[in-house]
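TrEMBL annotations:
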type: DOMAIN; residues: A:59-307; note: domain 'Pyruvate phosphate dikinase AMP/ATP-binding'
type: DOMAIN; residues: A:329-385; note: domain 'Pyruvate phosphate dikinase AMP/ATP-binding'
type: DOMAIN; residues: A:449-540; note: domain 'PEP-utilising enzyme mobile'
type: ACT_SITE; residues: A:His482; note: active site, tele-phosphohistidine intermediate
type: DOMAIN; residues: A:556-905; note: domain 'PEP-utilising enzyme C-terminal'
type: BINDING; residues: A:Arg598, A:Arg654, A:Glu780, A:Gly801, A:Thr802, A:Asn803, A:Asp804; note: substrate binding site
type: BINDING; residues: A:Glu780, A:Asp804; note: Mg(2+) binding site
type: ACT_SITE; residues: A:Cys866; note: active site, proton donor
Number of protein chains: 2
Amino acid sequence: MMKYVYSFGEGKAEGDSKRKDLLGGKGAGLAEMTSLGLPVPPGFTISTEACTVFSQTRKMPAELGPAVDEALARLEKNVGMRFGDPSAPLLVSVRSGARASMPGMMDTILNLGLNEKTCEGLAKRTNNPRFALDAYRRFIAMYSDVALGVKRDNFEHALDEARARVAKAKGIDGTRLNGEELRRKVTDADITEDELRNVVVAFKKIVKEKTGKDFPEDPKEQLWGAIGAVFESWNNHRAIVYRRMHDIPDSWGTACNVQAMVFGNMGDTSATGVAFTRDPSTGERLLYGEWLPNAQGEDVVAGIRTPLPILAANVKPGHTDSLEQKMPEAFKTLVSIGQKLEKHFRDMQDLEFTIQDGKLYMLQCRNAKRTGKAAVRVAVEMVKEGLIDKEEAVLRVDPASLDQLLHPTLDPTAPKTLLAKGLSASPGAAQGKIVFSADEAEKRANAGEAVILVRVETSPEDIHGMKAARGILTARGGMTSHAAVVARGMGKPCVAGCSALAVNYQEQTVIVTQYDEGGRPQGSVTLKRGDVITIDGGAGHVYQGAVPTVNASLTGEFSELMAWADEARKMKVRANADTPLDARTARGFGAEGIGLCRTEHMFFDEERIRAMREMILADDVAAREKALAKILPHQRQDFVEIFREMKGFPVTIRLLDPPLHEFLPTEKAHIEELAKLMNVSVARLEQRIKDLHEFNPMLGHRGCRLAITYPEIYAMQVRAILEAAAAVTAEGNSVTPEIMIPLAMTREELVRMRQIVDKVSAEVSAKGTPVSFAFGTMIELPRAAVRANELAEVAEFFSFGTNDLTQCTMGLSRDDAGKFLPAYVEGGILPKDPFVSIDIDGVGSLVKVAVERGRATKSNIKLGVCGEHGGDPESVKFFHGAGLDYVSCSPFRVTIARLAAAQAEVAAKKGRAGSTTA
Amino acid sequence: MMKYVYSFGEGKAEGDSKRKDLLGGKGAGLAEMTSLGLPVPPGFTISTEACTVFSQTRKMPAELGPAVDEALARLEKNVGMRFGDPSAPLLVSVRSGARASMPGMMDTILNLGLNEKTCEGLAKRTNNPRFALDAYRRFIAMYSDVALGVKRDNFEHALDEARARVAKAKGIDGTRLNGEELRRKVTDADITEDELRNVVVAFKKIVKEKTGKDFPEDPKEQLWGAIGAVFESWNNHRAIVYRRMHDIPDSWGTACNVQAMVFGNMGDTSATGVAFTRDPSTGERLLYGEWLPNAQGEDVVAGIRTPLPILAANVKPGHTDSLEQKMPEAFKTLVSIGQKLEKHFRDMQDLEFTIQDGKLYMLQCRNAKRTGKAAVRVAVEMVKEGLIDKEEAVLRVDPASLDQLLHPTLDPTAPKTLLAKGLSASPGAAQGKIVFSADEAEKRANAGEAVILVRVETSPEDIHGMKAARGILTARGGMTSHAAVVARGMGKPCVAGCSALAVNYQEQTVIVTQYDEGGRPQGSVTLKRGDVITIDGGAGHVYQGAVPTVNASLTGEFSELMAWADEARKMKVRANADTPLDARTARGFGAEGIGLCRTEHMFFDEERIRAMREMILADDVAAREKALAKILPHQRQDFVEIFREMKGFPVTIRLLDPPLHEFLPTEKAHIEELAKLMNVSVARLEQRIKDLHEFNPMLGHRGCRLAITYPEIYAMQVRAILEAAAAVTAEGNSVTPEIMIPLAMTREELVRMRQIVDKVSAEVSAKGTPVSFAFGTMIELPRAAVRANELAEVAEFFSFGTNDLTQCTMGLSRDDAGKFLPAYVEGGILPKDPFVSIDIDGVGSLVKVAVERGRATKSNIKLGVCGEHGGDPESVKFFHGAGLDYVSCSPFRVTIARLAAAQAEVAAKKGRAGSTTA
């Protein structure tokens, strides 16, 4: 026979914390605490298996009835009270509890077991009729809400009427107050016993009206209604969407915990509270939390009374209202329980407790959520305390949380006015005056002003302005738009794709539409040049005015943890770096090479872009070569400096990738200016721009397609790379250049590219020291992935360009998807933004195909990834599993990638997932 | 020991026509003709295996020397002449001959074996010193060209000097003539014996100068040089590129044929010629061909003398210079040989022959190339003659050649001036006056003028003009651009992506740049509105003025062949049809349903586009639904008419696919007009257009993504479909609607779409007769292909949208690829334009994955293709092999697809490829 019910109490439990799959997180914690001999009110847990049967058959399993009866009988015996017995009425709480913490499900029903008779009995037994009536009316409202489908607001009015009568009795004219004011003037505690009696009658009448049935008097009926509500809540819409987003299988189900009530609201010797075994903000090892005397957990949530600190050290000056001071015995017990649980679970705990008549009861324990900073400190200190080993410590910190440590963040205590939400394109917070052009950003920044560059979108022409600004805000573009990629590369805060903004360059204003919760527009705010705003790139928020920020500060613990991570890690981490400065930054963050050096950004310097434009406007090969020759020395010098910075670490240089039209101006005035400068007619220049126009530039004449048409461009770049390598080698330095071909689609393209490279290489070698280099390709088209076996015949390495691979595989333009992708993610159609975290099922499966086929041809082919996904922890785990040799990401994400790669390694070794506590 | 040499002669041959792999096409034909007892000059074939050894080792196989010696000895004995023997000099021809006919390789060396002594011997033996010297000088030039690397033009000058001396002797001042004129005044026949002697001396001197060595005197040395040149030519660049384009493996190699010379130039009883056993233009069963008395094959090629007809019926009035009349005996022999060969090979033959001193010799036979018209007639007549069966007949016609039968073509005899080349976007020829706007096209066409619509590119707004025009010419866009797709749908000639055109709408002119063969611009021609041009959509050519055309005419044989094809065929053929007229046309071509009914074109009628624009500009769901309600009755009526036309055949309707901005104007004037009409401000309209702008619309907010955002659009369309189906069912007709979702990426999208459909379906059913329908999806994103197993959980059918699948898989925008794709195909980087013929290795492999995974989930899922590839014979074969249930293509290609599908079936059954003779 299936066992569906697991009792706990009297120091014994049928379950334990290893059976979270059966008991859920809460049930497992209660069982474990009971077994440890901690004071836990007894009860029983109905397993997730019962929920699964219920979901599938819409019926409770047959064996469940007798099992619950038996567990209930045991519970009654244990506490010496009985369901429905007025002389010693057993009251219970009923709570859901799934394997993973999951919002959206039914939470808690308290005081179950109350009816007319037991309420009276409770009044007598506690000698406190007001307490009993208050518990009863709370129970009716709570139960009706979750089990009978009568929503809470139905009851508010009846309660407010009672309040009004109380107010009148006090001489206050309640009719002139709105609900909120009334509730402040007449608190729950002010409602008299008689009025509570009226409220109970009124509540029951409401239930009768709404459901056509009387509120159940039979405690057993109440209990089954509650259990059914818990199981039903597993399949409500919010819960399903949440599961889909977090990859929680529907088959897990939720457990249901039934536990004898203890009361924190039985007078001044009673209390309720929550505590952490360490400070969840800082990680400091001391009991941290809040409590309320004479209260139930519900009161803390309702927020009407302000909770008090648990530690004496944290009380306001002149106060002595900490738990430590008011109930020193209970406090001491709580501290010792916390320590015991930490030792037992080898992790920081989040505790819920109730004190009834001076006796402390534990209601919940679980691994505590914590800030990135706390996670690092706790993990490192626990290693020193001997609780965990170094590898375990590495698993304990969510790599994504390192963003908080590495970037300035908004002061959490500061007041702020949210203006708009966009995409969290690059973390960090910044304030400044709004400017609408890169030139003005630079000018004002040079004059010492802090500015935020606000654009519809950014383009390579804006880079100097992005450098100068404190932060970047765009109305368009997704997580891999130009603004987002460049900002992350610079480690600069950026909110992108903020669609509420209407930027007007002419009038130098931005109109911010305000939306209500349903997404309907509710008026707008107009900001003008010079107005101050604050952006939080980590959250994607835009605030009015200057919100104070807190600077990042890295601790010794952080370095220690990262050292352990590097010890554990096997997959290499490189950085995407286009300049010597980027390269130096990357090395500072521990990058083991450059995985992507984009050469196009190098062409935007004034002198170079002119030559570039000459090249684009040239009519024949000779003229193109002449223009390219002007760029060569600059390009060579770029590489010389990058090679020097990288001191022999590999440097993967991608040859020119974007379509040529990106190098030509689009605005009339700029075109006229350029025509004059180039000494060509405006008409001719316009014609060339028109000729180069593309409907879908993403799928256009770019990447190595450019070099099929104009081989001389790549020839110049290869020459610059190899001459630079020769020069730096001659200085006595080691150099490891890797020449990378973008957008390859066929083997034959790579053959042609290799011919260009070999020809130049022979010419450079003939002039001096031969330089060794590797020749490889991006895998960024689905075709390249499926034909990887052929490409590997020519390429010595593959680098997965997962941005473009995502665009092509999913048919999603990263610059346009901002209009509908958020709805996809919010609506659960996609689990995550696929430009942030790799689409494992789709794009990922092509990555795996390419790895397999590439290695089939060339078993030692070097494999890496250089898309933005290289800095996303989930994606890094996937790449580790797919067997890549390295990931490459923006310098400011290298630390995150190092930790994620280490976790992937440790988790694979230990056979479980990383960052379990985050 | 390997056998490398296969002799033939005296009625016996070591090889036969089944060993084309060993002997090449030419060698196999010679062997077979010899075995049949036909008069073939004896000789031997060196097998392709020898070539393969030579390619791999750069050396002739060791066994080859003795084998050639032996074969040569046999040949000498056979003809009673010997290599290098002045008294009876053996002369041979040496020709390459691969398994498949392959341009680019070395072709022929004639008269090998001549040297100082044998030349004299030949002069004596033939009593014709002039003949011997002429043969010698030709041999020197030919041999030097192909075996010694001294190109032909090196010798032209020496020959011209001899001509000049002859001219002078005739009293003509040769110094005032250019080369061309000189060669016309002094033909080869005019060069005297003495001058030929001088020419031989001069030629040898040139060889010495260029190579540093004497021209080889030893016939054996000559022979080995020629064999080496044949084998070398297998690996020259042109041959390699050709092989790559036609999927011919490098490993096949070429054979080398050495054959005793016969001379057609030994006087008036000698001749040379080529003949077909049936008329290659019409298929009529009579010997058709050309001959030249007293000539070698080379003379026919050189084009200086005009060949004469073989049949008496074909001579010019008053002439009697046919072979039939001049050499009736030889003619009779040729006719009987032709018949014998036809019977033997069971196919129409292409013959080369030489008559020496009245005796006919066969030099080559092979299956003849023929026009589509001839192919059909020959295939059908051969079935009636009992030569082949019906299935064989089906294999005998190249489906692509049917285009010639179905569309008007240019009169091949008419003079024409080529202006420019573009893509052959839609077959057929048409002439007309140039117009630059759809409105003008319509106006002039209504006035009875023939017009060609010339646009940079077309958009849905131009459809009325495209309907009105005789043909369409665009400067931009590929084989699946709007212009190409719509023109093919209309069966209208179209040349697209003609990049030599610079269209200027303001000035109403088009400047056509002229290019030389190297692709360098060579001036331009300016055409203006009203100028007449002719386009040949089948070839992609644009001609100046009106070139006469020949109308299509379908024969009874054609219907007969198609009936046999339909008998043999298993895969269904549907049509892409958007209107009732299209549907009727499709049925006329034998379509078995509609595979793709695009609904967007339906929105461009004046009344509807207004409602559509109202919908796009609406602020909320209610306003959108109000606008959509205006479109509903029209849309329903469209479907009613289409369902009626299709009489129960399945109709697959794709819900709205393009991004909404395609329905808004782009030009300022149109925007202002629309703003007025819509009663909104120009600024507001411009803002909305700006909001909707996309960088890569191909990867943007389109397909079912629109319905995720605006479910009401699809709800309206589904309602129109189901209400129409109910109405037509009520008329007593059978209706089979298939609702197709575009651009699906995830299972979840399909679930949402299915919800919309089910809701509307329930509402429609509630009002009357329930209508059954199928629900399915396009597979057009790589992600959809790899996740087909999941999509099949929701979809009842898949239709491969191979246009978009190609775009995404290869990262190629069909609208932009015109700039570089031709270079890819010409340069052999891609075998074919992947928008014309499916990229089997890349896109095709994703199709296969999707078929496999879709069927794994739902074994009976219906699978089809509705991309433009559905009408391409090669692609149809692939789809047949991949196991699809049907293909769908534009109505005018349905016939081609029917034949291709039948061939795929027959070929699979017979275990060989179709259309072998084409």
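Even glycines carry a Cβ here, placed using N, Cα and C.
Feature annotations (TrEMBL) mapped to structure.
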{"residue": "A:His482", "record": "active site, tele-phosphohistidine intermediate", "Cβ neighbours (10 Å)": "21"}
{"residue": "A:Arg598", "record": "substrate binding site", "Cβ neighbours (10 Å)": "21"}
{"residue": "A:Arg654", "record": "substrate binding site", "Cβ neighbours (10 Å)": "27"}
{"residue": "A:Glu780", "record": "substrate binding site", "Cβ neighbours (10 Å)": "27"}
{"residue": "A:Gly801", "record": "substrate binding site", "Cβ neighbours (10 Å)": "28"}
{"residue": "A:Thr802", "record": "substrate binding site", "Cβ neighbours (10 Å)": "32"}
{"residue": "A:Asn803", "record": "substrate binding site", "Cβ neighbours (10 Å)": "19"}
{"residue": "A:Asp804", "record": "substrate binding site", "Cβ neighbours (10 Å)": "25"}
{"residue": "A:Cys866", "record": "active site, proton donor", "Cβ neighbours (10 Å)": "28"}
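Looking at A:Asn803 (substrate binding site) and the residue listed as 'active site, proton donor', their Cα atoms lie 9 Å from each other.
With a threshold of 8 Å between Cβ atoms, none of the recorded positions A:His482, A:Gly801, A:Thr802 neighbour chain B. Note on the domain 'PEP-utilising enzyme mobile' (A:449-540): DSSP counts are 18 helix, 36 strand, 38 coil. The domain 'PEP-utilising enzyme mobile' (A:449-540) shares more Cβ pairs under 8 Å with A:556-905 than with any other stretch in the list A:59-307, A:329-385, A:556-905. Those residues of the chain, other than A:Arg598, A:Arg654, A:Glu780, A:Gly801, A:Thr802, A:Asn803, A:Asp804, with a C-beta within 8 angstroms of the mean position of the substrate site C-beta atoms are A:Leu596, A:Asp657, A:Pro742, A:Met778, A:Ser799, A:Phe800, A:Leu805, A:Cys866, A:Gly867.
In this structure the C-alpha atoms belonging to A:Thr802 (substrate binding site) and the residue listed as 'active site, tele-phosphohistidine intermediate' are separated by 15 Å. Rounded to the nearest whole angstrom, the C-alpha distance between A:His482 (active site, tele-phosphohistidine intermediate) and A:Arg654 (substrate binding site) is 17. Over the domain 'PEP-utilising enzyme C-terminal' (A:556-905) the predicted model carries a mean pLDDT of 94. A:Gly801 (substrate binding site) sits 6 Å from the residue listed as 'active site, proton donor', taking the CA atoms of both as reference points.
In this structure, A:Asp804 (substrate binding site) is part of a helix by DSSP.
Broken down with DSSP, the domain 'Pyruvate phosphate dikinase AMP/ATP-binding' (A:329-385) shows 30 helix, 17 strand, 10 coil. Distance between Cα atoms for A:Arg598 (substrate binding site) and A:Cys866 (active site, proton donor): 11 Å, as a whole number. The residue listed as 'active site, proton donor' and A:Arg654 (substrate binding site) are 11 Å apart (CA-CA, integer value). Taking only the Cα positions, the spacing between A:Glu780 (substrate binding site) and A:Cys866 (active site, proton donor) is 10 angstrom. A:Asp804 (substrate binding site) is 11 Å away from the residue listed as 'active site, proton donor' when you measure Cα to Cα. In three-state terms derived from DSSP, the residue listed as 'active site, proton donor' belongs to neither a helical nor a strand segment and is classed as coil.
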